[in-house]
Amino acid sequence: MRMAAITKMLFISFLFLSSVFLARSGEVDDESEFSYDEKSENGPANWGNIRPDWKECSGKLQSPIDIFDLRAEVVSNLRILQKDYKPSNATLLNRGHDIMLRLDDGGYLKINETQYQLKQLHWHTPSEHTINGERFNLEAHLVHESNNGKFVVIGIVYEIGLWPDPFLSMIENDLKVPANKKGIERGIGIIDPNQIKLDGKKYFRYIGSLTTPPCTEGVVWIIDRKVKTVTRRQIKLLQEAVHDGFETNARPTQPENERYINSTYHSFGIEKQQ
């Protein structure tokens, strides 16, 4: 009986320690661990020192970068993006540092015969990538993941204009609901990612990383050359929905470190939405 009691106590202790470990490991998604304040101890320059599993944030293949298009190499075999997006059940999630739209089955992007499922999209204000040194008002990230855990992210930049972004217009009312409450999820029904209107003909491509901790490297980045328009009101809705201090949630540009930047089209400058 005594041995059974000891065994029971050890088992209970194991469960307690396991729960502590799981609670700690789940803290990676806590945005209070990092900030975008460049003067803060947990600001972007120090992300790689905050946690051992964030050390890649100090790596050599980090994103975002400044894309100087005269240095981009035109690659003739870069094809029009092979995407097969489709309407999907969608959930809007406030992650504290940004607003994410998660898709149950939004279709896929195919690169070199590998399918990358469209998992989610989110927004950064201002833009994270710059083009020829110019930073824009907003950047959307369409995050795709393959079956073996590799990422492709499509970045679309926006400037303030007279015309609202049609895709954001579809979810404007839903953006008001999870305001300033981290972890709030809300199903918003069927969303069609094709409404983003990405033609996929002219883009830059390079190898980089995720732009938030853990800053995983080896990410294929595709930056659309066309600058879309968004209204001040739409940007304000995105900023008001996140936690205080994350209204500006763009990581500074990182060293290029002589990486190859490929392009499907040779020209100087960017294309404006007509």
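Quick reminder: no glycine exception, Cβ is built from N, Cα and C everywhere.
As the structure is a computational prediction, the values presented were derived from the model and not from experiment.
According to Swiss-Prot, the feature active site, proton acceptor maps to H97, an assignment based on sequence analysis. There are 23 other CB atoms within 10 A of the CB of H97 (active site, proton acceptor), with all protein chains counted.
The Zn(2+) binding site annotation in Swiss-Prot covers H122, H124, H141, and the record cites sequence analysis as its basis. Cβ neighbours within 10 Å of H124 (Zn(2+) binding site), excluding its own Cβ and spanning all shown chains: 24.
Non-local contacts of T211 (substrate binding site) by the CB criterion (under 8 A, 6+ apart in sequence, same chain) comprise S63, P64, H124, E128, H141, R251. Secondary structure at T211 (substrate binding site), taken from DSSP and collapsed to helix, strand or coil, is coil. The feature substrate binding site is assigned by Swiss-Prot to T211, T212, with similarity to another entry given as support.
Positions annotated as domain 'Alpha-carbonic anhydrase' by Swiss-Prot: 32-265.
Residues annotated as N-linked glycosylation site in Swiss-Prot: N89 (among others). Around the Cβ of N89 (N-linked glycosylation site), the number of neighbouring Cβ atoms within 10 Å comes to 14. DSSP assigns N89 (N-linked glycosylation site) to a strand in the three-state reduction.
The DSSP secondary structure for N112 (N-linked glycosylation site) is coil. Non-local contacts of N112 (N-linked glycosylation site) by the CB criterion (under 8 A, 6+ apart in sequence, same chain) are absent. Residues annotated as N-linked glycosylation site in Swiss-Prot, with sequence analysis given as evidence: N112 (among others).
Residues within less than 8 Å, Cβ to Cβ, of N262 (N-linked glycosylation site) and separated from it by at least 6 positions along the same chain comprise A72, E73, V74, V75, L78, F204, R205, Y206. According to DSSP, N262 (N-linked glycosylation site) is assigned to a strand segment. What Swiss-Prot records for N262 (among others) is N-linked glycosylation site, and it gives sequence analysis as the kind of evidence.
Taken from Swiss-Prot, the feature signal peptide covers 1-25.
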Quiz prompt | Nearest of the recorded positions (N89, H97, H122) to T212 (substrate binding site) - Cα to Cα | solution = H97
Quiz item: If you draw a 10 Å sphere around the Cβ of T212 (substrate binding site), how many other Cβ atoms fall inside it, taking every protein chain shown into account?
Solution: 23
Practice problem: Do me a favour and check the Cα-Cα span between N89 (N-linked glycosylation site) and H122 (Zn(2+) binding site); whole Å is fine. | Solution: 16
